[in-house]
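Q: Below is a structure I'd like to ask you about.
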Amino acid sequence: MNQTGCPEVKVPFPVFFTVGIVSLAENLLVVVAVMRSRNLHSPMYCFMCSLAAFNTIASVTKTWENLMIVLADAGHLERRGPPETDLDDVMDSLLCMSFVGSISSFLAIAVDRYITIFHALRYHNIMTMQRTAAILGLIWTSCAVLAVLMVKFFNFQFIVICFIVFFVVSLAAICFLYVYMFMMARIHAKSIAALPGGGRDKSQHQRRWGSNMRGALTLTILFGAFVVCWAPFFVHLVIITVCPMNPYCECYRSLFELHVVLMMSHALIDPAIYAFRMAELRHTFRKMLFCSGWKFCL
């Protein structure tokens, strides 16, 4: 019971464990599918594979952390021993890396979709696999460095402010790209409809444009799920910085474990969206799960 009278909401460990294990299995399935299927060796699916890998890190980190808490409550671990403190720092770094990496992957996906739609003829010259690999290497390296710095210097308010600014700026950039894409898509659809005749070229152009926009809509849904699942956890960081001792803020912080479950659920939701919205991934999942000797079926 905190000073506001708001009881801290506790989530049973089996809930954490179940969400963590299921999301881990789902995201590993996505990673393996993209790695093993040649049809999925494209920049967009590579960025989605990166997103799934960051989700996997988040699932493993929070599941392991909650397992350590259970062991500590049972008296098998010290809560403040040097090894436990160091391991806690490592897990915090991995969780922070997953958070920053997910945002960076969404930003890369948004830019990739923008190039696909508005620079379709030059797409394969702009987004080569070599450049994709370089972008992924930059994302993973920078996220690892940033995560370590954030955890080591989290007590410095400047670091927390930088983290908040990064989230807000990235969120605004991604939203701007998607809003701009859908606004231009509406204008482009009207221009296609105004073209004279109903020739083959017109119908092919409509199908290609429609396919690109469906992909952009799927990624918009993924990004919306990310914001909904991670925003409450992110608000805790803002509260720690802005009003750490305010009783109303304390009341919000009493829901911390629920927000952690919601954050972990993001890794559970993403693969379901992939399977429901993307035919290529759904087809690959079906072969992996139901085709005997699936590596030959791919």
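Glycine is treated like the rest: Cβ placed from N, Cα and C.
Annotations for this protein, taken from TrEMBL, read as follows:
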TRANSMEM  15-35  transmembrane segment
DOMAIN    26-274  domain 'G-protein coupled receptors family 1 profile'
TRANSMEM  90-111  transmembrane segment
TRANSMEM  132-150  transmembrane segment
TRANSMEM  156-180  transmembrane segment
TRANSMEM  216-240  transmembrane segment
TRANSMEM  260-279  transmembrane segment
Q: In terms of Cβ proximity under 8 Å, which residues at least six beyond the ends of the transmembrane segment (15-35) contact it?
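A: Those are 41, 45-46, 48-49, 52-53, 55-56, 59-60, 62-63, 66-67, 260-261, 264-265, 267-268, 270-272, 274, 281, 284-285, 288, in sequence order.
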Q: For the domain 'G-protein coupled receptors family 1 profile' (26-274), what is the mean per-residue pLDDT, to the nearest integer?
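A: Reported value for the domain 'G-protein coupled receptors family 1 profile' (26-274) is a mean pLDDT of 80.
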